[in-house]
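Take a look at the structure below.
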């Protein structure tokens, strides 16, 4: 940095910028920013509360959780005829295509609530024959017939036409409150109640494979339920040790951050020299392979001569392949060495900032626990969104449609009223037709726009989530900025910097944070819509549409990450200057562009060290957990709980450790980014004089060859007069 005469200085890109003689670090006198966006944000939150209230009034989560019979009644609902009938039974499960139809949609057969599933094979025809000798057979069979039907002598053709009773029943067991065939595999053969075939009630012998095809995937779902039960048991017996593992990872993360002030430089240079040595070995190995193949026959054939080969080992027999590898590695080696030579000062600055970030966190330890507040706020947002979505999805009213066994009935799938259906002409024109429950919907204005309300629910949810993250970033940035702009650290750091920063962010900058969060939320919302369209168009054969959609997804992915980067730096500038979002984003952008090489180096050095830390912490805690849960630590071998799957607590500890380290290191990354922007502002706004000293640490000043002029010593009389002067108000 050079500052010519006249109070101007030049940035790294050479643009002149006016020297700011009034800059003294973060402003103390602030005003509310982006007030209009703040008002809109508050109105949207109130509207969101209204939306949740309306959905709660109209919705019924039981429609999503509990099964519904053909009459629109919940199985197991109290104070109804189905109070003691909590399981759904399908008259003809062979008509159900797959489990998604059974569980989520409606199967095109009569559905009835029963108290228990059938435990035997039987058909209506066989029941009629045995009824003449044994009345008890009808008593068992009729519990799977329509309520009120008690005429076992009715002709079988009319019973099946009117769907009064199922044509057959098969041994079943309840799963997800529905009766599914009780499949058992014996000696590699699929059976139901030890039988491989059954009567379908229409005079045919069917294989149980037909039942499996109709209820495709049910066996795996039942196995998944059993596995889920075992996993729950493992969590119940090992939760205490999982908690200990997570506490250990938290302590290790804390120690790692505090040790970075001593080990950041060593870690970085060790890995850099390790990479240089590895690439150098690669160059030597490629040269050795090239030399050994040079005199062999057929090794001088070019890659273009042999063309494309699926076996990659063919290319390894060519000397040209190793020559290309050697040349590529040599270029990479040269680039790394040149970058280190010409950017060595910037690398040293990045390492010094990493060490300073560790010191800042050591002075403001409360910042490490702020992610807990963010987590709680995010959990609240997610819970409210999920509950609202469920109530919206269950806000419909029961819709009934005509179901007929006749293929040429023109009234099939038309809506009907079950109370007046018996008096209509439909039963005369389509004998045997029924007015059965189809789904939950509605024709009112509210029901017609439920999908739009779901989209609004999603957009506001994204806005609240991004606002919560923005609030955390601005709060941490304000606390770390207070550390940087303290001339004497830690003596000049204001009391409770984190709480003060949180109060400032909410009081003055809610509108700015909401503005930045809204921009990011809109981009994320568009990305979700594009992902939905891509999922819907996967089977499309229009190559241009797929290509266009892929390009849009890529563009919006890049845009989202760019906005996240700019928002992060804009929030830092807001915490320092207290200006609105657009001004802060513009100032941050140009400040970073004037120091683009420093930004690139710091970003990569920080990302590398934090990734190394996450890998080290989660890996070390995971290895410790592996030895513990596999009983390979003799000292505490007796304390290990008995587990069905030891990988359940092991993966939980590894994933939890990674997330804890990620939370700690996010605070550290925010600290480094804040100190970096403050460092750039310090260079541009101050000159090291007695009245405008540099606020950066001594190590950074030594790297840049900057010095602060010593202040003239004050006499006793001068200090006394200074004490007697009234303090100015800010």
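Using N, Cα and C of the backbone, Cβ positions are placed for all residues, glycine too.
Of the listed segments 562-581, 582-601, 642-661, 662-681, TrEMBL assigns transmembrane segment to 642-661.
Checked against TrEMBL, the range among 196-219, 292-315, 364-387, 388-411 recorded as transmembrane segment is 364-387. Among the ranges 606-630, 706-730, the one that TrEMBL lists as region 'Disordered' is 706-730. Given the ranges 12-34, 35-57, the record in TrEMBL names 35-57 as transmembrane segment.
Looking at 266-284, 418-436, 437-455, the range annotated in TrEMBL as transmembrane segment turns out to be 266-284. Packing against the transmembrane segment (364-387) from elsewhere in the chain are residues 48, 52, 254, 257, 457-458, 461, 464-465, 468-469, 471-472, 475-476, 479-480, 483, 493, 497-498, 663-664, 666-667, 671: each is 6 or more residues past its ends and has a CB under 8 Å from a CB in it. Below 8 angstroms of C-beta separation, residues 230-231, 233-235, 237-238, 241-242, 245-246, 249-250, 253, 256, 613-614, 617-618, 621-622, 625-626, 629-630 of the same chain, each at least six residues beyond the ends of the transmembrane segment (642-661), sit close to that stretch. Highlighted: of the candidate stretches 266-284, 322-343, 460-487, 542-559, 460-487 has the greatest count of Cβ pairs under 8 Å to the transmembrane segment (508-530).
By number of Cβ pairs under 8 Å, the transmembrane segment (35-57) is matched best by 460-487 from the list 322-343, 460-487, 608-630.
Panel annotation: around the transmembrane segment (266-284), residues 325-326, 329-330, 332-333, 336-337, 340, 347, 351, 605, 608-609, 612 of the same chain, lying at least six beyond its termini, place a Cβ under 8 Å from a Cβ of the stretch.
Panel annotation: around the transmembrane segment (460-487), residues 25-26, 41, 44-45, 48, 357, 360, 363-364, 367, 370-371, 373-374, 377-378, 381-382, 384-385, 493-494, 497-498, 500-502, 504-506, 509, 513-514, 516-518, 520-521, 524-525, 567-568, 571-572, 574-576, 667, 670-671, 673-675, 678-679, 682, 693, 695-696 of the same chain, lying at least six beyond its termini, place a Cβ under 8 Å from a Cβ of the stretch.
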